[in-house]
Structure formats: structure tokens, C-alpha cells
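Remarks on the structure that follows.
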Amino acid sequence: MIPSQMKVFLVIFLQSYIVLAYDPDPVHDYCIPREEFTSIFLSCKNSSLVTVDDFVYSGIKDPGNYKHTGFSSIPVSSTVFPGLNTLGMSFVRADFDIDGVNVPHFHPRATETAFVLEGRIYSGFVDSGSRVFAKVLEKGEVMVFPKGLVHFQMNVGESPATILGSFNSQNPGLVKIPSAVFGTGIKEELLMKAFGLNDKEIAKLRKKFVPQ
């Protein structure tokens with residue numbers, strides 16, 4: 001049996017852990033960062049100097065350049081849109097050429113909702129039991145990807161497509177599976193055994209996914 005005092009401690013600890021697992025609640029209406037202030041400590045612009053332009057962003061009006069790879073994403077965080085600072089959210093515009101793919105990836109710190117602005121997108125995620133939830137989304141439909149789960153998208157329409165994604169974190173993080181596996185310093189022998197590939201195949205994949 002766990003002593004009652006220990007039970008109380010465990011409850012408090014778990015509640016604190018759950019709170020700290022998400023972006024903290026803001027203590028101001030908003031906090032526009034001071035441009036001249038660079039520190040790990042937050043410094044907000046005086047509210048008398050804040051204008052409506054601090055809460056408006058125009059950087060995703062036009063599609064990104066997806067012609068080279070078939071896919072382009074424009075992330076929008078407080079780094080480029082100061083009005084988002086401390087609000088616990090961010091978003092992204094993703095553009096797909098015909099047959100364009102957003103490779104399997106995950107966001108370690110956020111749940112994502114993806115709204116199809118244009119086109120037809122095969123979209124889905126894989127849960128921790130290796131079950132796949134996927135279907136073709138039409139224009140106007142939205143899908144949610146639970147926090148930390150691998151998800152993916154592919155344009156299956158006959159014209160370019162666009163998705164607007166939103167995250168419940170100011171810093172959702174992004175881990176692309178192909179790059180994380182073959183574009184990093186994981187030992188070649190391990191990759192060969194894990195994926196049943198030979199050294200030439202591993203070298204080819206590394207050449208493709210290692211950051212240039």
C-alpha cells in the first residue's frame with residue numbers, strides 16, 4: 001500500500017508533469033517580442049507600441065516553390081509572425097504539385113489539424129499499434145493528426161493542391177522519417193540489418209537524404 005502522503009505527492013507530481021508537457025498559459029493578453037532584445041528570458045514590447053500589424057501576417061498568400069521536389073511548406077511561427085508569441089499555436093502552408101508527397105513525419109510537441117484549401121489529398125497517420133488511418137480528402141475537408149504520431153500526405157488530384165495546417169504549440173517540432181533515418185549518423189551496419197538493405201542501397205539513400 002502507498003502511504004496517503006505519498007499518494008498526494010504523486011497526484012501533484014503527475015498534474016505538474018501534465019501541465020509542463022504543453023505550452024504554458026500566457027500571463028498577458030499578448031506578448032510581442034522586443035526586436036532589440038535577445039535573451040532566453042522573455043521581453044515583451046510595451047503595449048502602447050503594439051499595433052494591429054503585429055497581429056497580421058501576409059507571408060502565405062502565395063504558394064511556395066514546389067516545382068523542384070513536388071512539395072513546399074511555409075511554416076509560420078512567432079519567429080516570422082510576432083503576434084503568435086506565447087499564444088501556444090503556429091501553422092503552416094503546404095503546397096503540392098501533381099503527385100507531390102509530404103513524406104512520413106511527426107511533430108513531437110503538437111497535434112495538427114490539416115485543412116484542404118485546394119485539390120485532393122491522400123492523407124493519414126499511423127497509431128502506436130501500427131494501424132493506419134487514411135483516406136482521400138476533398139477540398140474543404142479537415143483531418144487531425146494526434147500529437148507525436150507519424151502522418152503523411154500525397155496529392156492524388158489532377159491539379160496542384162494546398163493544405164493549411166495548424167498546431168497547438170508555438171514550437172511543434174518536425175521530424176521527417178527518411179531524413180532522420182538515412183540522413184543522420186546512424187551506423188550503416190544497423191541500417192542494413194534493420195531494413196534488409198546492402199551497403200550500396202544504404203549509400204544511395206544517404207546521398208539522397210543527408211542535408212546538403
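Even glycines carry a Cβ here, placed using N, Cα and C.
TrEMBL annotations: computationally assigned, not manually curated.
As given in TrEMBL:
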type	residues	note
SIGNAL	1-21	signal peptide
DISULFID	C31-C44	disulfide bond
DOMAIN	58-203	domain 'Cupin type-1'
BINDING	N102, H107, E112	oxalate binding site
BINDING	H105, H107, E112, H151	Mn(2+) binding site
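According to DSSP, the domain 'Cupin type-1' (58-203) comprises 22 helix, 57 strand, 67 coil. With the fewest other C-beta atoms within 10 Å around its C-beta, C44 stands out among the recorded positions C31, C44, N102, H107. Long-range neighbours of H151 (Mn(2+) binding site) (same chain, six or more residues apart, CB within less than 8 Å of its CB): P104, H105, F106, E112, S123, G124, F125, V126, F145.
Excluding H105, H107, E112, H151, which define the Mn(2+) site, the same chain contributes F106, A110, F125, F145, L149, V150, G165, P172, L174 within 8 Å (Cβ to the Cβ centroid), listed in sequence order. Summarised as a single figure, the pLDDT of the domain 'Cupin type-1' (58-203) averages 96. Separating the Cα atoms of H107 (oxalate binding site) and C31 (disulfide bond) is a whole-number distance of 25 Å. For the recorded oxalate site, residues N102, H107, E112 set the reference point as the centre of their Cβ atoms, and the other residues of that chain within 8 Å of it by Cβ are V92, H105, F106, A114, F145, H151, G165, F167, P172, L174.
Across the fold, the C-alpha of C44 (disulfide bond) and the C-alpha of N102 (oxalate binding site) stand 36 Å from each other. Note: the Cα of C31 (disulfide bond) and the Cα of N102 (oxalate binding site) are spaced 33 Å from each other.
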